[in-house]
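TrEMBL lists 1-17 with the feature signal peptide. Look at TrEMBL and you will find 6-32, 53-70, 76-94, 199-221, 233-255, 267-288, 294-316, 328-346, 366-387 tagged as transmembrane segment. The domain 'EF-hand' feature in TrEMBL is assigned to 404-439, 443-478.
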Amino acid sequence: AWTSELWLIILIKAVEGAAATFLRPGLMSLLLGVVPNRRLPEAVARTEVSNTLGSVLFTLCAGLMAYFLYPNVASVFYLLGAATMVGSCCVLLIQETTIDHAASCGLSERKAALLIQDYFQQRKRVLDSSDALHPRGLLSTAVTLVHDLAGKPQGNAVASETPQGCAEVAEAPVAETPCNATETPSRVKYLDLLRDKNILMFAFLTFLYHLGNAAVVPLLAQVSAYQDDRTALAFTSAIVCTRYAFQVPTVWAVGKYHRRFGYKRTFLLGHIMLPIRCSIAGVLSLYFPNQYAFVATQVLDGIASGIVDTLLPLIVKSLTKHSGRFGITFGFAITCWRLGHGFSLLTGEGIFEAAHKSFDVETSYAIAFFVLGGIGVLAILLLAFGVHLPPATKEEDASDRADASSEELQRAFAQFDVNNDGTISKAEFISIMTMDGDGSNPLSKRDSAILFDEMDADRNGTLDYREFGRGAVSAPTCQSIQPAVRGGVRHTV
């Protein structure tokens, strides 16, 4: 009956579904913003491991509470609410200054580094062995690495010896005229993402996989409960915990070794587990309906979940590279995930109910498992022949170079930060820029002061790391530092 309590449950589930669509993309976007690009696979793996361990702990507690407090299981929901409050507090502990918002929305370090190039190219010079450790030499090394990242030979990375204007200083891929560059690279329009065949096919693959996968655990729980009502909740917890127990090492292995095999092969391995698992569950339902055997099938689910859950954000990041639309695209994929999950529950239960009109309980469950496994086969065929996934190795090699440029820039910042207080004062900046100890002509104090003022975006008299790297890509700065470029810094090709 459609009672008021049922409507309340439906409303709660609707809110839960909406929150889930935002939660996971938000978490992964946050991860993109705080973790260097080349360490992202390992960071995603660690996040998934932490997520899995938390789920295991909660499931164990819920199972024990349900077993000892049966039939009063309301306390399980209080436990769930307390866990979410702790998670919210953890998010609040992340400092705003540690988040790179450009990277968090999918603007890769490559583009961010090229924005830095638009400014630092004005003072580009060639390093030799005598000044390799000089602070300005470190900046030059960082810019050189940025040019490597951009895929341009170093010989072409520098402007002509006598630059005539900002547009001639560097040939940056981010903007044809650096003087007109904005501080944030342009993002791809939403409609362009929806027209991308690879993104649409991958989203449909996500829907299809979860259409076949999500209903398996509830059906396993039901067929286990059919054997013994009292142990139903305990075995349901065991089913979930077994999956998580094998998901943890799988997540770690995927984060560490997926580059060796590539996205597609690894993703295919995860998808192959679904029809195998469903076939085993169907055979067990027909011939060996044993609760412990049903729990054992979750080993395959743990392996599949570890692969799919870990690679999903990495693949979306690759598909949306440089677009600045990681969050919305990942949210779209998660929406397809949730839709597939919901329709899977309806499909699994509907197949069982329809089959139960003509067959016994065990056979009806077996039919449901076989149909879900057939959907898994369709997902495998779609992935093998209809979905293009970018290679993991090529992208992550570029990520390594991006991190190398970032590390060199950090070293340069540390050299300018004489007092080691996390900021660069005007006096520190001028003292470095006017230093004549590395074989190149220093800037004058006046030009150094102008340069500092243009980089000091918040006008607080100091430069933080972000201002040091990106604060001078706007058009006014580009024009202002031309006297310093012509008068003080040696350019060579």
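Placed from the backbone N, Cα and C atoms, the Cβ positions cover glycine too.
Among the recorded stretches 6-32, 53-70, 199-221, the one sharing the largest number of Cβ pairs closer than 8 Å with the transmembrane segment (233-255) is 53-70. Restricting the average to the domain 'EF-hand' (404-439) gives a pLDDT of 71.
Across 53-70, 267-288, 328-346, 366-387, stretch 328-346 shows the highest tally of CB pairs under 8 A with the transmembrane segment (199-221). Here the transmembrane segment (328-346) does not lie next to the transmembrane segment (76-94) in space: the count of CB pairs under 8 Å, restricted to residues six or more apart, is fewer than 3. Three or more CB pairs closer than 8 A are found between the transmembrane segment (267-288) and the transmembrane segment (294-316), so contact between the two stretches is assigned (pairs 6 or more residues apart). Within the chain carrying the transmembrane segment (294-316), a Cβ under 8 angstroms from the stretch's Cβ atoms is held by residues 28, 31, 40-41, 44-45, 48, 52, 202, 206, 209, 213, 216-217, 220, 223-224, 235, 238-240, 242-251, 253-255, 258, 263, 266-267, 269-271, 273-274, 276-277, 280-281, 284, 326, 329-330, 333, 389-390, 392, all 6 or more beyond its ends.
The list of residues near the transmembrane segment (53-70) in space but at least 6 beyond its ends in sequence, with Cβ under 8 angstroms from a Cβ of it, reads 76, 79-80, 83, 230, 233-234, 236-238, 240-241, 244-245, 248. Away from its own ends, the transmembrane segment (6-32) comes close to residues 40, 43-44, 47, 91, 94, 99-100, 103-106, 313, 317, 326-328, 330-331, 334-335, 338, 342 of its chain (Cβ-Cβ under 8 Å, at least six residues beyond either end).
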